[in-house]
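J.: Before I ask anything, here is the structure I am working with.
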Protein chains: 2
Amino acid sequence: MDIVRSVAEMQKTAKEWKRSGKSVGFVPTMGFLHEGHESLMQQARSKHDLVVVSIFVNPLQFGPNEDFERYPRDEAHDRLVAERNQVDLLFIPTVEEMYPTHQSIDMQVTQRVNVLCGRTREGHFSGVVTVLTKLFHICLPDTVYFGLKDAQQVAVVDALINDLNFPVELQPVATVREDDGLAKSSRNVYLSEQERTEAPYIYKALQDAKKMVVDGEKNPVIIVREVEQFINKHTNGKIDYVELLSYPDLTTMKVINQQVILATVVQFKHARLIDNIIIPLA
Amino acid sequence: MDIVRSVAEMQKTAKEWKRSGKSVGFVPTMGFLHEGHESLMQQARSKHDLVVVSIFVNPLQFGPNEDFERYPRDEAHDRLVAERNQVDLLFIPTVEEMYPTHQSIDMQVTQRVNVLCGRTREGHFSGVVTVLTKLFHICLPDTVYFGLKDAQQVAVVDALINDLNFPVELQPVATVREDDGLAKSSRNVYLSEQERTEAPYIYKALQDAKKMVVDGEKNPVIIVREVEQFINKHTNGKIDYVELLSYPDLTTMKVINQQVILATVVQFKHARLIDNIIIPLA
């Protein structure tokens, strides 16, 4: 596995791959790799000649109250994870490599952002689309892999690629779950024993709601209320939000008449758990 | 020569070219092609396997007082011009092809814009970088050709490519001139006979000023005053501006200690003439 830290070298390598007709799968990450990332790498590995993983903690996507400096980093661990998933190249640029000058070009996201978790993360997705634009130009992937655990990010990347005609295919990957349905997360270790038994009811609530929609329920208010009641009944977590929106447009609706996302955040004592389910139009 | 009007078909073709290792030179235009464009096509022709010219009058770069509808269009003429310059492919998308939905991604230019002609064209360069981002992704050029007649546009494209790491090389091309030095322009036909004899003094003024800098003059104020006096002495045109700025950063300076641009706009009765000269650091 190669490790490249220079933007120029990475882009040169990617151009050579392109010229020789190789297909490139790309997994952009902020490092501290876990099973969710591994699932993305495995998907990419199964479909491309070459798999590139980037590790870059992007200062542009951290808000004033989010601590960029304290974001966890562990390159040695990440190298092991990438290696065992047969990644071909790890791209690990410094902040100075990625942002050598004060940028003249400012990218903003004007839709799909002021809902779900984006509501409280102003400017976050501007930073995301800026760094992804740069990474796509540097690594020249055919396909980019993102986990549906962060379905709003997937929706924003979908807008980025479509609006600006990137020659890149977006491949969303299903959330990795424990056997009991709980979405895997590095935060699950912060759950108490009692909370850990309650947490799977979050996904259970989403699944039951999906069944209601599939069975014909068209009223988002009823669906959201059912999910809230179910979570409140089976857990001691505090619901931050339950939202039902069109997907990937992320707009509200009065009647469910298109593919939707049902998403929730539940705050336990020391762990904020997020989960969602996408419900295709029946 | 192929003519492609579909974004999907153009991108598919460009991807196939890439895979087969072909090099692509690209000349983005708004059509109504003239000798300046031909010079760009010829440069591209001499250096690439394939030459693509796009014709797209981009509504996003027109201000509220600039008439998008009335911008001149002549596709039949443009086809002849492209054909005789051995262009391989003309890409002529409609507005609906380029902007099928309301964009979620908004690109702004924050530097290099509030000077020269950009000062009175708010939002113009945002439209320019948006459409170029899309065109670069659709046509996948190795090199893009722009005329130095619009040196500010070249500076903004330089920022776009560098800030966002586009895998594209920018090739600026010298302004095409009449034998007497007057920059070629479709507006020159609006000059009276008398004005036509005066107009070459604009470039003469810039050349004399360049010589002053090369000979050691470091004071921008003196240079600008010389140019103004020379133009006022030899023409009846009204000077809109004479500006000396760093290039391509387009910042002001007290002492000339880097590459600069000396640019002017002179308003004749029915023709607004623009010209500039770039003066490398001696």
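Glycine is no exception: its Cβ is also placed from the backbone N, Cα and C atoms.
So TrEMBL has the following annotated:
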ACT_SITE  A:HIS37  active site, proton donor
BINDING   A:30-37, A:147-150, A:VAL176, A:184-187  ATP binding site
BINDING   A:GLN61  beta-alanine binding site
BINDING   A:GLN61, A:GLN153  (R)-pantoate binding site
J.: Given a separation of at least six residues and a C-beta threshold under 8 Å, show me what packs close to A:GLN61 (beta-alanine binding site) in the same chain.
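T.: Spatial neighbours, sequence-distant, of A:GLN61 (beta-alanine binding site): A:GLY123, A:HIS124, A:PHE125, A:SER126, A:GLY127, A:VAL128, A:VAL131.
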J.: Using a 10 Å cut-off on Cβ-Cβ distances across all protein chains shown, tell me which of the binding-site residues (A:GLN153, A:SER186) has the largest neighbour count.
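T.: Within the set of binding-site residues, the most crowded position is A:GLN153.
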J.: What three-state secondary structure does DSSP assign to A:VAL176 (ATP binding site)?
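T.: Coil, per DSSP.
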J.: Can you give me the Cα-Cα distance between A:LEU148 (ATP binding site) and A:HIS37 (active site, proton donor) in Å, rounded to a whole number?
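T.: That comes out at 11 Å between the alpha carbons.
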J.: Hey, how far is A:SER186 (ATP binding site) from the residue listed as 'active site, proton donor', Cα to Cα, in Å?
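T.: About 12 Å separates the two Cα atoms.
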J.: Give me the CA-CA distance between A:GLY36 (ATP binding site) and A:GLN153 ((R)-pantoate binding site), in Å, as a whole number.
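T.: Their Cα atoms are separated by 15 Å.
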J.: Could you say which of the binding-site residues A:MET30, A:LEU33, A:LEU148, A:VAL176 has its Cβ with the most other Cβ atoms inside 10 Å?
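T.: Comparing the binding-site residues A:MET30, A:LEU33, A:LEU148, A:VAL176, the most crowded Cβ belongs to A:LEU33.
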J.: Of the binding-site residues A:MET30, A:LEU33, A:VAL176, which sits closest to A:GLN153 ((R)-pantoate binding site) by Cα distance?
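T.: For A:GLN153 ((R)-pantoate binding site), the spatially nearest of the binding-site residues is A:MET30.
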J.: Which one of these recorded positions, A:GLY36, A:HIS37, has the sparsest Cβ neighbourhood, judged by other Cβ atoms within 10 angstroms?
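T.: Across A:GLY36, A:HIS37, these recorded positions, the one with fewest Cβ atoms within 10 Å is A:GLY36.
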